[in-house]
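Look at TrEMBL and you will find A:LYS206 tagged as active site, proton donor. What TrEMBL records for A:LEU10, A:GLY11, A:LEU12, A:GLY13, A:VAL14, A:VAL15, A:GLY16, A:SER17 is NADP(+) binding site. Annotated NADPH binding site per TrEMBL: A:LYS106, in sequence order. Under the heading L-homoserine binding site, TrEMBL lists A:GLU191. Look at TrEMBL and you will find A:351-426 tagged as domain 'ACT'.
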2 protein chains.
Amino acid sequence: MGNNVSVGLLGLGVVGSGVVKLIEDHQEKLTHQLGLDVDVKGILVRNLEKNRGIDVDPTFLTTNPEDVLHNPEIDIIVEVMGGVEEAREYILKAFAAKKHVVSANKDLVALHGPELQEAASRNNCDFYYEASVAGGIPILRGITDGLSSDHIRKIMGIVNGTTNYILTKMNNEGISYETALKQAQELGFAEADPTSDVEGLDAARKMAILCRLAFSMDVELNDVEVKGISNISLEDLNYGKQLGLTMKLIGYADFSNRKLDVNVKPTFLSDSHPLASVNNEYNAVYVYGEAVGETMFYGPGAGSLPTATAILSDVVTVIKNMQLGVTGNQYLEPHFTKKLKGSAEKFAQYYVRLHVKDEAGVLSKISTLFNESNISFKRILQNPMKENKKAEIVVVTHQTSLESFHNAMNQLHELEVVYEIKSHYKVEGDAAE
Amino acid sequence: MGNNVSVGLLGLGVVGSGVVKLIEDHQEKLTHQLGLDVDVKGILVRNLEKNRGIDVDPTFLTTNPEDVLHNPEIDIIVEVMGGVEEAREYILKAFAAKKHVVSANKDLVALHGPELQEAASRNNCDFYYEASVAGGIPILRGITDGLSSDHIRKIMGIVNGTTNYILTKMNNEGISYETALKQAQELGFAEADPTSDVEGLDAARKMAILCRLAFSMDVELNDVEVKGISNISLEDLNYGKQLGLTMKLIGYADFSNRKLDVNVKPTFLSDSHPLASVNNEYNAVYVYGEAVGETMFYGPGAGSLPTATAILSDVVTVIKNMQLGVTGNQYLEPHFTKKLKGSAEKFAQYYVRLHVKDEAGVLSKISTLFNESNISFKRILQNPMKENKKAEIVVVTHQTSLESFHNAMNQLHELEVVYEIKSHYKVEGDAAE
């Protein structure tokens, strides 16, 4: 290593441009920390002619991946191209060429993280991917370094900015899901095809990555149960307000008795929960550790420069490891064999909204039915409806197992005084509950 | 290094006991991460007979510091004894004996951090002190590693749990400062002599430590301007509620044009600011980076086990460095020569509460006076008072320099329609303002 370390980029989109800009703008700080310069030599692009609004030496641009992957001057590959198969192939080639890799690619890391980590290790290379979860928030370091001595028991994350923006707008401005989605698209917070965000898949990828690191277990994307936000109605948000509850799309992971429950679901949070006031496009990850208790990491979950700071912090770590001669030491065998909780082992409170016959004794019948599944109520709201002889009932239960809750829901369908189960959501309080 | 690394403790109070307990309880995780066992061999105490409610091999206890500092089996010294001079002496001896040190001692690090860091480096030893700021929150790592590539511009911290508890109680329950302090003392959130907490000195120590790491500048404790919370009245908190402002004791640091402003002051935060909803004894540090934007790290600022997790995470880092043979590499010369901002370079909004004559034209006179200092009003509240011919006026200004604000305050004292300036506080909005 001489007076500089050179980085090669795979991709020069929004995040890639941010990386180039940050390396230039923050060179003084990098040089101070590392005692050498960091520069970019070689960028894989699809189109050599495209104007990206940043100054790049055009001789560094190439459409041939080998020009970057086998450039002997390049030590570190930054993968910001997205997609899965091609990215995986290039990264494996990079490791084979003894180059370190920093990736922002959550799809790839969620699907192939363990394979890539193992390949890195085998080649004495570093593989970091802080930017793949919650953009600019240093949450992976928080878990692996900051809380390294603790037993992490629970993670709850607002790890998708698009859905948080939509839910915040619906909640604060009383606009519909469709209108809020359209606004998010106009502002660039949602993509033209928003499916992966609004249906929770993007959040699920991040939860798989978080769980692996937090619980030292080979969690796969398929282990994450997913439900999106596209069916959420303003009626439920308004009832939430009356009950002191705020709706968020929560990535939830609970590890106890050496078994894991991990899912992504729209969830009502008690207003006093630290995540409840995380608004707009912001992300936050709440981590509950046995010894440390409640912690939360908050910040921007996406964006060119925030994501680039996470990538560049990984680059700084790699360069320090290179200088100390200690690259390739991250890989840790999972400590626990994967075991997932069954529905009798998953506990939560629930919110249920029902349309029922507006007649005497209805609430008593419903309450009896829940009691038979050992579920008791914490809160009840009942309103007459405009339609004749119809009432709307909202209940919030005490803690119950998912099994009991499913059981009660099935029986509720059969009860003749119930017209319809309009909605039901998990409710999470603060840790004290 | 064999199959284990041994730790020596200086002190076995609340935090020391937590460290012993955590090393025992989390041994499995430590062994998995490190491939070796961690144990405690040697604890310096003042009183061998005292019952501490934990199981410790009594042969490890000693009242002679040399037994710990020169025990050849001990590689890492954990300093949790508190105080300054003795702790400094022992730590310097530890480095001379080539032992690594992890400290939770904010008083010591605030006063002698650079000297100790330098001594560590000279002896190829590690010196970490994550627990000295904001207890269980991994904020020092967040700044030095997570945001290593960014230019940090602003830090705002709720870094003292005692004062946050008192202010939360006053605000939520409408009780006086004295009553809230008494409750905090009964619950163990405040000490019998609460001066160092309530007058802001404890927070100032933490800000000095944070500033050194965030801004790479030799900030000293004396550079931190300090004002405490003991004069805060319920009247001001209530006006704050009307104005959408919450009072917090904020450690504030602003670095721009290569000059620093650092202080600890009771501050009104806009309710939408991420720190405004940090309540009770919790701590949080808000960090604004040029590229990343707004981030926040939240968690418990004190307590036996939370603080012990931070200490033990440092111990894990030291052991990893030992295994890789790379200890003693943390020290970084400050990048910037210390320059502090003058009052013409410090900008904020201000809240001012006045008692004035209740007669026509008063507000106009006051407003004219502020305008002459180039200060304009953002919000005004005026209420008649029970006392005859007296009114209470509260104003919130737009951004102004501290110099202009002082100027206006001095002139306000002279204005004959003003009976008294009851209070004035800095106001901080969200980053967007």
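Including glycine, each Cβ sits where the backbone N, Cα and C put it.
No curator has checked TrEMBL annotations; they are predicted automatically.
Just so it is clear, the model here is predicted, and its values are computed rather than measured.
Residue counts for the domain 'ACT' (A:351-426) under DSSP, split into helix (H, G, I), strand (E, B) and coil, are 24 helix, 34 strand, 18 coil. Residues A:LEU9, A:GLY18, A:VAL19, A:VAL80, A:MET81 surround the recorded NADP(+) site, their Cβ atoms falling within 8 Å of the Cβ centroid of A:LEU10, A:GLY11, A:LEU12, A:GLY13, A:VAL14, A:VAL15, A:GLY16, A:SER17, which are themselves excluded. Remark: A:SER17 (NADP(+) binding site) has A:ARG52, A:GLY53, A:ILE54, A:SER304 as non-local neighbours, by Cβ distance under 8 Å and separation of at least 6 in sequence.
There are 23 other CB atoms within 10 A of the CB of the residue listed as 'NADPH binding site', with all protein chains counted.
The binding-site residues in question are A:LEU10, A:VAL14, A:VAL15, and the one with the fewest Cβ neighbours inside 10 Å is A:VAL14.
Long-range Cβ neighbours of A:LYS206 (active site, proton donor) (same chain, at least 6 residues apart, Cβ-Cβ under 8 Å): A:LYS106, A:ALA110, A:SER132, A:VAL133, A:ALA134, A:GLY157, A:VAL159, A:ASN160, A:GLY251.
Here the binding-site residues are A:GLY11, A:GLY16, A:GLU191, and the one whose Cβ sees the fewest other Cβ atoms within 10 Å is A:GLU191. Across the domain 'ACT' (A:351-426), the prediction's mean pLDDT works out to 94. A:LEU10 (NADP(+) binding site) sits 22 Å from the residue listed as 'L-homoserine binding site', taking the C-alpha atoms as the reference points. Reported as a whole number, the C-alpha separation between A:VAL15 (NADP(+) binding site) and A:GLU191 (L-homoserine binding site) equals 15 Å.
A distance of 14 Å separates the Cα atom of A:VAL14 (NADP(+) binding site) from that of the residue listed as 'L-homoserine binding site'. Comparing local CB density within 10 A for the binding-site residues A:LEU12, A:GLY13, the maximum falls on A:LEU12. Cα to Cα, A:GLY11 (NADP(+) binding site) and A:GLU191 (L-homoserine binding site) are separated by 19 Å.
Secondary structure at A:LEU10 (NADP(+) binding site), taken from DSSP and collapsed to helix, strand or coil, is strand.
Between the CA atoms of A:GLY16 (NADP(+) binding site) and A:GLU191 (L-homoserine binding site) there is a gap of 18 Å, rounded to the nearest whole number.
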